[in-house]
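J.: Quick one: the structure is below, and I'll ask about it shortly.
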Amino acid sequence: MRTFLFLFAVLFFLTPAKNAFFDEKCNKLKGTCKNNCGKNEELIALCQKSLKCCRTIQPCGSIID
């Protein structure tokens, strides 16, 4: 019975993992379509379904295209 309660508590409080593999890509596969861009991301385009194309901001010293 204790094992069941322990497993229930562990599984109940675990957050579901996000699978980024199936996310919609944009800007030549360098950005992702989201509802809102994160703190370290910039809005670069608009996606379908009123989503925003967000791309991680690169530091000034490492510009890669």
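Cβ coordinates are placed from backbone N, Cα and C, and glycine is handled just like the others.
Quick paste of what Swiss-Prot says about this protein:
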SIGNAL    1-20  signal peptide
DISULFID  Cys26-Cys53  disulfide bond
DISULFID  Cys33-Cys47  disulfide bond
DISULFID  Cys37-Cys54  disulfide bond
J.: If you count Cβ atoms within 10 Å of each one, which of the disulfide-bonded residues Cys47, Cys54 comes out on top?
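T.: Of Cys47, Cys54, the one with the most crowded Cβ is Cys54.
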J.: Run through the Cβ atoms and count how many others sit within 10 Å of the one on Cys26 (disulfide bond).
T.: 21
J.: Filter the disulfide-bonded residues Cys33, Cys37, Cys47, Cys54 down to those whose C-alpha lies within 10 angstroms of the C-alpha of Cys26 (disulfide bond); answer none if the list is empty.
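T.: The disulfide-bonded residues passing the 10 Å Cα test are Cys33, Cys47, Cys54.
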J.: Among the disulfide-bonded residues listed here, Cys33, Cys37, Cys53, which has the most company in the form of other Cβ atoms within 10 Å of its Cβ?
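T.: Top count of Cβ atoms within 10 Å goes to Cys53.
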J.: Please report the distance from the Cα of Cys47 (disulfide bond) to the Cα of Cys53 (disulfide bond), rounded to the nearest angstrom.
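T.: Their Cα atoms are separated by 6 Å.
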J.: Fill in the CA-CA distance, Cys37 (disulfide bond) to Cys53 (disulfide bond), as an integer in Å.
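T.: Answer for this pair: 8 Å between alpha carbons.
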J.: Taking just the CA atoms, what is the gap between Cys53 (disulfide bond) and Cys33 (disulfide bond) in Å?
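T.: Cα to Cα, Cys53 (disulfide bond) and Cys33 (disulfide bond) are separated by 5 Å.
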J.: May I ask for the distance between Cys33 (disulfide bond) and Cys54 (disulfide bond), taken between their Cα atoms and rounded to an integer number of Å?
T.: 6
